[in-house]
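S.K.: Submitted below is the structure of interest, expressed as C-alpha cells.
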Amino acid sequence: MKSTAESKETPSQDESTTSVPCTEAPLVEEGEEASFGAYKRIFTFAGRTELILQAVAILAACASGAGIALQNLIFGQFVTVITDFTNGISTPADFRDNAAELALYFVYLGIARLVLSYTYNTLLTYAAYRIVRNIRHAYLKAALSQEVAYYDFGSGGSIAAQATSNGKLIQAGASDKIGLLFQGLAAFVTLSLSRLWCKWKLTLICICIPVATIGTTGVVAAVEAGHETRILQIHAQANSFAEGILAGVKAVHAFGMRDSLVRKFDEYLVEAHKVGKKISPLLGLLFSAEYTIIYLGYGLAFWQGIHMFGRGEIGTAGDIFTVLLSVVIASINLTLLAPYSIEFSRAASAAAQLFRLIDRESEINPYGKEGLEPERVLGDVELENVTFSYPTRPGITVLDNFSLKVPAGKVTALVGQSGSGKSTIVGLLERWYNPTSGAIRLDGNLISELNVGWLRRNVRLVQQEPVLFQGSVFDNIRYGLVGTPWENASREEQMERVQEAAKLAYAHEFISELTDGYDTLIGERGGLLSGGQKQRVAIARSVVSQPKVLLLDEATSALDPHAETIVQKALDKAAEGRTTIVIAHKLATIRKADNIVVMSKGHIVEQGTHESLIAKDGVYAGLVKIQNLAVNASAHDNVNEEGEGEDVALLEVTETAVTRYPTSIRGRMNSIKDRDDYENHKHMDMLAALAYLVRECPELKWAYLVVLLGCLGGCAMYPGQAILMSRVVEVFTLSGDAMLDKGDFYASMLIVLAAGCLICYLAVGYATNTIAQHLSHWFRRLILHDMLRQDIQFFDREENTTGALVSRIDSYPHAILELMGYNIALVVIAVLQVVTCGILAIAFSWKLGLVVVFGGIPPLVGAGMVRIRVDSRLDRQTSKKYGTSSSIASEAVNAIRTVSSLAIEETVLRRYTEELDHAVSSSVKPMAATMICFGLTQCIEYWFQALGFWYGCRLVSLGETSMYSFFVAFLSVFFAGQASAQLFQWSTSITKGINATNYIAWLHQLQPTVRETPENHDKGPGSGAPIAMDNVRFSYPLRPDAPILKGVNLKINKGQFIAFVGSSGCGKSTMIAMLERFYDPTTGSITIDASTLTDINPISYRNIVALVQQEPTLFQGTIRDNISLGVFNPNTQPFFSDKDAVKSVSDEQIESALRAANAWDFVSSLPQGIYTPAGSGGSQLSGGQRQRIAIARALIRDPKILLLDEATSALDTESEKIVQKALEGAARDGDRLTVAVAHRLSTIKDANVICVFFGGKIAEMGTHQELIVRGGLYRRMCEAQALD
C-alpha cells in the first residue's frame, strides 16, 4: 500500500467551502495555548485522596533518586579500596572482603529501588487514572450542559473521541513519568549538593550542564506544544467527520461513498501531517542538543579537573573521578528530560482542548438550579410576537412576529410545508433556543424565567426521528421517569408504570414477544428495532411520566396504519386533560384537534377545526384532498374477475412459532457471528508487530535507514564512555606535562563523542518523527477505510458502536505514533547499548563479562517482557471498558436534543461515570502486577553490578585480569545496567502501540462477506430485472434464533412499481436491506436477471441501485457535496488517489435532481444556495428538507432499481404530492424497477403490486383496487387513513 499524504495539496479556501466537510464552528478560542498552566491545571482535578497518593509517590520517587546518588558514594569507597590494594596497603584477602562488603550495599540499594519504584509508579498511575476520570466526567458534564445551538455549529461531533483519546494523552503525561522525572531531578540535586560540599569549584562547572539542558528543553517543548495543540484541533474536526460517516454507514454502503468520504477525511489528515512535519526539526534539535550539552560539559569538567589536580587544587585523583562519575550518573537521568517533556506537552495540549469546553458557560444550562418551579401546571401556552432565526443562519427568519395561544387541556395541531417553522416552535418550547424577540409563556410565566430542567420534565416531546439509547427496552422507557417521584421507586413499581405506558403506545404486545421482553437489549440507537417499534417506545417514554404538556413532532410518522390508528386513539386519550401540540403531515392524525394551525414561511395562514377549515375550502382543504384514499365499493369495477394480477399470487399465511435452521446453517451463522469478534484473533508479539508496521509503508525505507544508522551511532555512546573513563584512571598515574597532555587528549575525545551524539541524535529525532507522523496519517485513513469495508453486521455488534469506533480511529494511530516515534529509537539504542556493553565487557575480561551478562541481563529482560505482556493485557481491557463509556458519551452527544428534552443529563452522566469507575477499579490489580515487573527492571541492574563488582575484584586479586581490563569491563556492565533500566521505561507506549497494531492488522485482513472477489469481478447484474425471491428466510446474524423473514416468495418484473406494507417489525425494511445486500438470506435465494444475487459483484450491483432511507443520512459538508455523493462514476479512484469523481458533478445536474425532489425552491432561497453547509448529520436542515436532499441524492444516480424505505414520511403534504409525482415518474422511467415501503398508503396506491406483510410472510398481494375489494388487511389499513 502506498500513501500519497506527501503529495496531496491542501485544498484552497474556495475548494474547502464546496468540497471539504468542515466543522462550521472554530474549535479553539482566540488566544488559547497549551502551556505549563494547562498542565498544572490537570492536578486541580485531584481530590484529597489523589493528592495524598501523589505526595507519597513523589517522596518515594525523590528517595529513589537519592538512592541513585548513593551509587556515587559506593563508587567512591570502591576507588579507595582499589587504590589501597594497588598501593599494597591491603592484602588480596582484605581486598576481597572489602569488595564483598561494598557489593552488599549494591544489593541493599537494589532492594530499596524495587520498593520505592513500585510505590511511586503504582500510586502515581492510580492517581492519574482517578484524575483523568474526573476530567472526563467534567468534560461530558460540560458537553451535556451546552445549548443546542452549540451543536448546530458542529462543535460537539467528536466529544466522545476527545474524552477518550485526550484522556489517554493526559494519563500518559500525568502518571509514572512524573515519578521518573522527580527521581531524576532528585538524583541530580543530591549528587550536585554532595559534590558541591566537597569540591565546589569543579561542581559549579558541572552545574552548567543542567542549566543549558533544561533551558533548551523548555524552549523547544514550548514550541512543540503549540504544534501538538494544532494537530489535536485538526484531528478533532476529522473525528467529528468520521463520526458522521460511521453513524450513516448504511448510506455509505448503499451509494458506494466509501472512497469519496475517506478522501475527504484524508484532507484533514493531510493538514495535520503538514503541522506534524514541523515537529521533526524540533525533536532533532531537542535530542541532539541534550546529549551534546551533556558530553561537552563532561569534557569541560574532565579538562578542568585535570588542570586543577596539576595545580594542586584537588588533592587526590579519586576526588576527580568521583565528581566525574557524579556528572555521568546525573547526566544519564537528565537525558530523560527530552522524551518526558514531549509527553508533558502533549498532555498539556490535550488538557487545554478539554478545558476549553469545561470553561464554556452555556447560555441555557440544564444543570442550573435557578428559575421558578411552580407547584402546579395548567398547560396554557402562549407565543407572543415571536421572531426567530437559527444562530447558524441569522439572515433567514424562520418565525416572523409569530403569535399563537394554545389553551390548557386542548389539542393544537401545526401543519404546513417543511421549513415553515413548525418544529422550530417545538425547539423554542423546549428551550433549545431562545427567541430573537418576543415572549413565550407557560401559565403566564415566561419560560426563560422557569427552571430549565423543571420545564423539560413537564413538557414532554416525541420527535420525528425517535432516538433510543443502548440498553434494554425497560431502560429506555424508564428514562421518562427521571426527575419524577417514580425515579427512585422499586423496579416493580417502575415496571408497572412502564408497561402501562407501553400499552398506551401500542408497544406492549411486540415488546412481550421479544427474546427477553422488556429486558431485551436493543442496540445502538435502538438499531435492533424497526422504525415503527422505535417510535412506539419513544411515545411510551414520553407519556410514562404523565406530563401536563405533550409535544408530538410527527409522532406517528413511522407507524403502520393499523398501529397508527390504535396509537392515535391512545394519544387522543392521553391528550385528555393535558395540553397537546401536534405537528403532523398525515392529516388523518390531527382531524380531531381542537385547533389546526396552517403555517407558511413563519406565519399563520389559517386556523380552525377540521370541519371549519374544510368548509373554508382553503389551503388545508386542498391538503386533505391530496391525501384522501378511495375505499368505496366502486373500486370493485376496476378489479379483474380473477381477483389477481398476471404475476400476482395470494399466499396463505401460516404461522410457525420458531424457525429451526439445519445444523449446517446454524453452524455457518455462528461462524459468521464469531468472525467479527476481535477477542478471537491471535495477537502478534512485539517483533511481529514492529515488522508489520515497517512492511506496511515501504516508502519510508530511507527514513528507517537513517534511524538505524543513527541508533548504531548512538549506541556507541556508553561503550565509548566506558573506555574513556577507564583511560581517565590511567591518566592519574602520570605526572606533570604528560598527565596534562593525556588529559587534554581525552577531554577532546569527549568533545568528539559530543559531536557524534549531535549528528546521530539529530538524525534520529528528525527521522523518527517523520516516520511517526507518516504512519499516524496512514493508519488513521486506513482504519476508517477498513471499517467502512465491513459488512453491516460488523456495526451491529455491541462493541462496535459509533463512539467506540471513532475512539479507535483516534487513539490507535496515536499509539502507533508514540511507538514508532522517538520511543522506539530510544528502545533500540538501549538494546544496542546493552549488547555492545556486554560484548565490550566480555572482550576485556571474558570471565567477568560472561558471568555478569548472562547472570544479570536475562532476568532483567525477562521481567521487562513479562511487564509488556501484562501491560498489553491491561491496555486491551481498559480500552474495551473505555470503549463502553465512549459509546455512552457518543450517543448522548449525537442525541443531545433527546437527552435535553428528557432532562436526563445527570442520568447519562451517572452511567458514563459508573463505566469510568468500573474501568479504573478493574485496572488496579493488573496495574499492581505490572508495576512489580517495572520495579524489578529498576533494581536488577544494581544486583548484577554487585555481582560484577564482587567477582571482578576477586579476579583482580587473583591476578586473572588487569586493573584496566577490570575497569573497562565493570564500567561496561555499569552502563549496560543504566541502558537496561531505561529500556523498559517506555513499556506503556510499547504495549499500547502493539495492541493498536494488532487491531489494525486484524481489521485490515478481516474480509466482509459481501465483497468483490476475483470470481465475481466480471459478473454484473445485467438489466437489473426481474428480481425473484425463492423461499427467502432470514435472521439477523447477532440474533439467529429470532427469524424475521419466514419464507418469502416474490417476483418483480422490469419496470414494475411494487410496494411493501404491513405492521411495524413484519419484515418490510428487512426486505429492503436484502435487496441492498446489507445482508444475505439465511436460506433461500434472490436472483437478479436469472443470476443469483450472492454471485454478482456487489459493487456493480449497488451501482444500479439507489436507496432513500426512512431516517435520511446526510454528512458534514455542503448540500452540493451530499447530493454529489449519489453519483456513480465508473472511473472512481481508490481512496488513496487524488482524483475525486464527486467534484466532476455539474451544478446543472445538482439543480435537476433538486427540482425532481421538490427541493430547489428552498435550496435556492438560502444565501449560499447549494453551497450551504448541511451541518453534522444534516442538523442545519429540517427533517423534511433532509429527506428531500436524500431523495435528490438517489435520483441523481439514475438507478435501474429504486428502493424507497418510507421515502416521503417526513414531507409535508404539498411536497409529498410533488415528490411523489417525481418518484412515480422515476418509477415509470424506462425499465426502472421501484420497491417502496410505506405506511402512508396514499403514496403507493398506484403501485403495480402491493404486498401486505404479516409475520415475516406475504399475506396479500394485488393492486390497490383488488386488495380493497378483497376486504382484508389492506382495506382495513386504508379505512384507518381515510379522511373523508
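All positions are counted from 1 along the displayed chain.
Glycine too: its Cβ is placed from the backbone N, Cα and C atoms.
From Swiss-Prot, for reference:
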BINDING   416-423, 1062-1069  ATP binding site
DOMAIN    55-346  domain 'ABC transmembrane type-1 1'
DOMAIN    381-626  domain 'ABC transporter 1'
DOMAIN    705-992  domain 'ABC transmembrane type-1 2'
DOMAIN    1027-1280  domain 'ABC transporter 2'
CARBOHYD  N385  N-linked glycosylation site
CARBOHYD  N401  N-linked glycosylation site
CARBOHYD  N488  N-linked glycosylation site
CARBOHYD  N632  N-linked glycosylation site
CARBOHYD  N800  N-linked glycosylation site
CARBOHYD  N995  N-linked glycosylation site
CARBOHYD  N1122  N-linked glycosylation site
REGION    1-24  region 'Disordered'
TRANSMEM  55-75  transmembrane segment
TRANSMEM  99-119  transmembrane segment
TRANSMEM  178-198  transmembrane segment
TRANSMEM  203-223  transmembrane segment
TRANSMEM  282-302  transmembrane segment
TRANSMEM  320-340  transmembrane segment
TRANSMEM  705-725  transmembrane segment
TRANSMEM  745-765  transmembrane segment
TRANSMEM  824-844  transmembrane segment
TRANSMEM  846-866  transmembrane segment
TRANSMEM  931-951  transmembrane segment
TRANSMEM  955-975  transmembrane segment
S.K.: Would you say which of the recorded positions S418, N995, N1122 has the most Cβ atoms within 10 Å of its own Cβ?
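M.R.: Going through S418, N995, N1122 one by one, the largest Cβ count within 10 Å is at N1122.
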S.K.: Taking only the binding-site residues G416, K422, S1064, C1066, K1068, which one has a CA atom nearest to the CA atom of N488 (N-linked glycosylation site)?
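M.R.: Answer for the nearest of the binding-site residues: S1064.
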S.K.: Measuring Cα to Cα, how far is N401 (N-linked glycosylation site) from G416 (ATP binding site) in Å?
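M.R.: Pair distance, Cα basis, whole Å: 17 Å.
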S.K.: Is the transmembrane segment (705-725) packed against any residues at least 6 beyond its ends, judged by a Cβ distance under 8 Å, and which are they?
M.R.: 291, 324-325, 328, 746, 749-750, 753, 756-757, 759-761, 763-764, 766-768, 771, 825, 828-829, 832-833, 835-837, 840, 967-968, 971-972, 974-976, 978-979
S.K.: Compare the Cα of C1066 (ATP binding site) against each of the glycosylation sites N385, N800, N995, N1122 and report the nearest.
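M.R.: Checked the glycosylation sites N385, N800, N995, N1122; minimum Cα distance to C1066 (ATP binding site) goes to N800.
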S.K.: Just give me the nearest neighbour of S418 (ATP binding site) among the glycosylation sites N385, N800, N995, N1122, Cα to Cα.
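M.R.: Closest candidate to S418 (ATP binding site), judged by Cα separation, is N1122.
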S.K.: Between N995 (N-linked glycosylation site) and S420 (ATP binding site), how many Å separate their Cα atoms?
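M.R.: Just about 52 Å between their Cα atoms.
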S.K.: Enter the number of other CB atoms within 10 angstroms of the CB of K1068 (ATP binding site).
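M.R.: If we count other Cβ atoms within 10 Å of K1068 (ATP binding site), we arrive at 28.
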S.K.: State which of the following glycosylation sites has the fewest other Cβ atoms within 10 Å around its Cβ: N401, N800.
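M.R.: Selected from the glycosylation sites N401, N800 on minimum Cβ neighbours within 10 Å: N401.
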S.K.: May I ask for the distance between S1064 (ATP binding site) and N1122 (N-linked glycosylation site), taken between their Cα atoms and rounded to an integer number of Å?
M.R.: 29
S.K.: The transmembrane segment (955-975): which same-chain residues, six or more beyond its ends, come within Cβ distance under 8 Å?
M.R.: 82, 85-86, 92-93, 95-96, 99, 718-719, 721-723, 725-726, 729-730, 833, 837-838, 840-842, 844-845, 847-849, 852-853, 856, 944-945, 948-949
S.K.: Mind giving me a neighbour count for N385 (N-linked glycosylation site)? Other Cβ atoms within 10 Å of its Cβ, every protein chain shown.
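M.R.: Neighbour count, Cβ to Cβ under the 10 Å cut-off: 13.
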S.K.: Where N800 (N-linked glycosylation site) and N1122 (N-linked glycosylation site) are concerned, what is their Cα separation in Å, rounded?
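M.R.: Computed Cα spacing between N800 (N-linked glycosylation site) and N1122 (N-linked glycosylation site) is 25 Å.
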S.K.: Near the transmembrane segment (55-75), which residues from the same chain, at least 6 beyond its ends, have a CB less than 8 A from one of its CBs?
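M.R.: For the transmembrane segment (55-75), the list is 102, 105-106, 109, 112-113, 116-117, 119-124, 127, 178-180, 182-191, 194, 322, 325-326, 329, 333, 938, 942.
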S.K.: Say you check the Cα of N1122 (N-linked glycosylation site) against those of the binding-site residues G416, S420, K422, G1062; which is nearest?
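M.R.: Going through G416, S420, K422, G1062 one by one, the Cα closest to that of N1122 (N-linked glycosylation site) is S420.
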S.K.: For the transmembrane segment (745-765), what are the same-chain contacts with Cβ under 8 Å, counting residues 6+ beyond its ends?
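M.R.: Contacts with the transmembrane segment (745-765): 280, 283-292, 294-296, 298-300, 302-303, 306, 706-707, 709-711, 713-714, 716-717, 720-721, 724, 727-728, 731, 822, 825, 829.
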S.K.: Where does C1066 (ATP binding site) sit in the DSSP three-state scheme?
M.R.: coil
S.K.: How about the transmembrane segment (846-866) with the transmembrane segment (931-951) - do they touch, taking at least 3 C-beta pairs under 8 Å (6 or more apart in sequence) as contact?
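M.R.: Yes, these stretches are in contact.
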